[in-house]
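Engineer: Sharing a structure below in structure tokens format, with a few things to ask.
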Amino acid sequence: MIIYREENEIIKKALENLNIPDRVYIFDTTLRDGEQTPGVSLTPEEKIDIAIKLDDLGVDVIEAGFPVSSLGEQEAIKKICSLNLDAEICGLARAVKKDIDVAIDCGVDRIHTFIATSPLHRKYKLKKSKEEIIDIAVDAIEYIKEHGIRVEFSAEDATRTEIDYLIEVYKKAVDAGADIINVPDTVGVMIPRAMYYLINELKKEIKVPISVHCHNDFGLAVANSLAAVEAGAEQVHCTINGLGERGGNAALEEVVMSLMSIYGVKTNIKTQKLYEISQLVSKYTEIKVQPNKAIVGENAFAHESGIHAHGVLAHALTYEPIPPELVGQKRKIILGKHTGTHAIEAKLKELGIEVGKDINKDQFDEIVKRIKALGDKGKRVTDRDVEAIVEDVVGKLAKKDRVVELEQIAVMTGNRVIPTASVALKIEEEIKKSSAIGVGPVDAAVKAIQKAIGEKIKLKEYHINAITGGTDALAEVIVTLEGYGREITTKAASEDIVRASVEAVIDGINKILAKREK
């Protein structure tokens, strides 16, 4: 695996002389802060399943929830604690005896206790003095330690607290027995330079491990978490997919892969499982992962641009920072209007179709033309679209062998109009026109074609499949025609159902007539 701190001269120089730890501990709070995402409510069974998967992923600490919040929460946390997972199980508790007692009763390994320290919270929420807040924090920590449980202490809204007072609070917390102190950027107001400064100042005074909990209100949660690590923070709070209140929290997958691939910092995470757990959490929370989400989004390793796709096919690192397999993803060449011939040829090969072997150059050119035409209509071309186009192109007779060609078609339909179709066919250099009515536009068009060529060829079966979703889906029409003692099945694909139907019928007619000639 490439480590940019070693390979990239700019990064290497920028990180010189920094106090970056060799190993960072991952504290996952998906089941607590992640569940506080508006609209998310996990059942105890879902929380247990996610906890098992988080443990399998390799997180060091699982914050299983806020025990005092509900009986269901307590039930889930107790069950998680009984599973004997490798991860340390943590419960959140305000610096209040009632909260702490409920957390202790759940059997957690660690209690994450907190009290707000910023001027805003002191004045408007707590209505307490600086000294009173320190006393409350110390009492809570000492009470937890009396029960032999590890303590993580957070000064809520730390990043809007006066720095001298913040240092005093944390020092008193450590003196009371806190095993680790956590610095929450509660409303995400930090910038990386400021976060580095704050953690660096705390490291001078605090002799226990320092953790950070960054919110993403300005889109800086991951950047601030990494800045904290640059200053020496040993633990980072994260959530899967960056879930959390308001703008969310630092995304675990982004933090971990940045630490490993850019900084060369070790974590215990099995990165190949990142995509899998991202999908699981998305399923249970019913919050879709945005396609362009780093690391786990569907487009994270997808390429459409001809230049990019060609580069990736030549050497993956030209347009990818890490191999997709490293996070459980797969590289995707997305076909559309920007796609070049190299990418389309590679996609065909992926689908088991080789140019020069399974299709000729003319057929390949037609396939490219049709794929780009779909892309021009704003459509994302799927593998099934490609297969349908290939089947349609390959299944058609060469132009020189075709007896019937469609010159023109016009269809009229409506709620007060009888469906009517008019066609002009070129049959052995002669133009024949006909019109017909039907129970629908497709029926009218097929009847008009049959009328133009005579009654010797009949439509026996007609099937239509929507290959992809949406009102502009590519439709595949399959028809079975009978004529001259022969039965032929053909297919055609188009976004226009009438057009696909007409092309399938005409292709079938040509095949019957070609066999008749032979």
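Placed from the backbone N, Cα and C atoms, the Cβ positions cover glycine too.
Pulled from Swiss-Prot, these are the listed features:
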- 24-275: domain 'Pyruvate carboxyltransferase' (DOMAIN)
- D33, H213, H215, N249: divalent metal cation binding site (BINDING)
Engineer: For N249 (divalent metal cation binding site), just count the other CB atoms lying within 10 A of its CB, please.
Structural biologist: 32
Engineer: For D33 (divalent metal cation binding site), just count the other CB atoms lying within 10 A of its CB, please.
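Structural biologist: Step by step: centre on the Cβ of D33 (divalent metal cation binding site), count other Cβ atoms within 10 Å, giving 24.
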Engineer: If you count, for each of the binding-site residues H213, H215, the other Cβ atoms lying within 10 Å of its Cβ, which residue has the minimum?
Structural biologist: H215
Engineer: Quick one: what's DSSP say for D33 (divalent metal cation binding site), helix, strand or coil?
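Structural biologist: In three-state terms, D33 (divalent metal cation binding site) counts as coil.
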Engineer: Can you name every residue in this chain, apart from D33, H213, H215, N249, with its Cβ inside 8 Å of the center of the Cβ atoms of the recorded divalent metal cation site?
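Structural biologist: In sequence order, the nearby non-listed residues are T29, P184, D185, T186, C214, N216, A221, H237, T239, G244, E245, G248, A250.
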Engineer: Can you tell me whether DSSP puts N249 (divalent metal cation binding site) in helix, strand or coil?
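Structural biologist: In three-state terms, N249 (divalent metal cation binding site) counts as strand.
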Engineer: What average pLDDT does the predicted model assign to the domain 'Pyruvate carboxyltransferase' (24-275)?
Structural biologist: 98
